[in-house]
Amino acid sequence: MVHQVLYRALVSTKWLAESIRSGKVGPSLRVLDASWYSPGTRQARKEYQERHVPGASFFDIEECRDTTSPYEMMLPSEAHFGDYVGNLGISNDTHVVVYDGDDLGSFYAPRVWWMFRVFGHRTVSVLNGGFRNWLKEGHPVTSEPSRPEPAVFKATLNRSLLKTYEQVLENLQSKRFQLVDSRAQGRYLGTQPEPDAVGLDSGHIRGSVNVPFMNFLTEDGFEKSPEELRAIFQDKKVDLSQPLIATCRKGVTACHIALAAYLCGKPDVAVYDGSWSEWFRRAPPETRVSQGKSGKA
C-alpha cells in the first residue's frame, strides 16, 4: 500500500526527546517552533525566547511568506524559502521536525510541514501532540537561542500540491477535484464571523464540503488514528481515492486536511493557497455561499 512508503509525517514526543538526549540535533535533524497567534493574544516569538524545545529554531511564518501579496500567508518564492530555511541550518538532507505551542496541540505546524513538501522536501514531520504535550510530559525546555550553522537548501516547487484561484474556479465547471473546507462550521456556513478579519465576510466556495480540522485532533491534542481519520472523511462522503483540494481562510488549517489524508495513505492533496480570503475578494458572487444575513457572501 502507498502509505507504507511515505515518509513518517508524525514523530512522538518520546522519539524527539530521545533524539535530543542522544545529540542528534544538528545538520541531519533540525527542530522548528512554528507558533503563530492572532494579534493581541499571545506573542509567539517572545514565548519561544522564554522556553522552547532544546535546539529548536523559530520559524516565523510572517517572514517566510509572500509579503507583496494582498492575501494572507501566501507562499514565498522558491528562492525566499530556500534562503530562509537554509539560514536555519536546514539542507535538502535534513530531517525537519515542526511543532507549535497552540492549546489545541497543533495549529500552524501542519502548514510548515506542507510548505516543506510543496518545495520538494520529503523528510519533514510534525511533532504529534505539539509543545502542549511536550510540556505536559515533562520533557526539557530551554531559553537558550539556537544558532545553527547556515546550510544550502534548494527549493523546487511541486505544483501538484498547490492550487491557484484560476484552477479552483475552473474546477467549479470540471469538478475534477473534491473541494474540502477545514474551517469551523459557523464560518463555513456564514453564520459566524471570520475572526480578526476586516472586510471579509464568512461563507464558503460553492460545492465545497466542510470537514473542520479540529475533528482530526483528540481532546489531548494528538492526531487521531488513520482509522479514525478515514471514518471522518467517509462520514462527509469525501473519497480519498479521488483528487482533492483543501481550502480554509488563508491556507493554514487546510494543511491539516493534507496531513490527515497523508496519514491515510493519500499524499497528493493540493492546498488552495489563497483560500477564502482570496476567493471572497476575487470570485463571482454566485460562487460564494453564505447563510449569513446578506445571503451570498
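From the backbone N, Cα and C atoms, a Cβ is placed for every residue, glycine too.
Marked as domain 'Rhodanese 1' by Swiss-Prot: 25-143. Under the heading O-linked glycosylation site, Swiss-Prot lists Ser35. The N6-succinyllysine annotation in Swiss-Prot covers Lys14, Lys136, Lys175, Lys237 (among others). As annotated by Swiss-Prot, N6-acetyllysine applies to Lys14, Lys136, Lys163, Lys175, Lys224, Lys236, Lys237, with the evidence given as similarity to another entry. Summarising the annotation, Swiss-Prot assigns phosphoserine to Ser38 and lists a large-scale study or a structure entry as the type of evidence. Residues or ranges marked as region 'Hinge' in Swiss-Prot: 144-159.
DSSP assigns Lys163 (N6-acetyllysine) to a strand in the three-state reduction. Under the DSSP three-state reduction, Lys237 (N6-succinyllysine) is assigned to coil, being neither helix nor strand. Helix, strand and coil counts from DSSP across the domain 'Rhodanese 1' (25-143) read 33 helix, 20 strand, 66 coil. According to its DSSP assignment, Lys14 (N6-succinyllysine) is helical.
Most other Cβ atoms within 10 A: among the modified residues Lys136, Lys163, Lys237, that distinction falls to Lys163. Within the same chain, the residues at least 6 positions away from Lys224 (N6-acetyllysine) whose Cβ sits under 8 Å from its Cβ are Phe216, Leu217, Thr218, Ile232, Ala260, listed in sequence order.
Looking only at Cα atoms, Ser38 (phosphoserine) sits nearest to Lys136 among the modified residues Lys14, Lys136, Lys175, Lys237. Summarised as a single figure, the pLDDT of the region 'Hinge' (144-159) averages 97. With Lys237 (N6-succinyllysine) as the anchor, the candidate recorded positions are Lys14, Ser35, Lys175, and the one with the nearest CA is Lys175. By the criterion of other Cβ atoms within 10 Å of the residue's own Cβ, the least surrounded of the modified residues Lys14, Lys175, Lys236 is Lys175. The recorded positions in question are Ser35, Ser38, and the one with the fewest Cβ neighbours inside 10 Å is Ser38.
In the three-state DSSP scheme, Lys224 (N6-acetyllysine) is classed as coil. In the three-state DSSP assignment, the secondary structure recorded for Lys175 (N6-acetyllysine) is coil.
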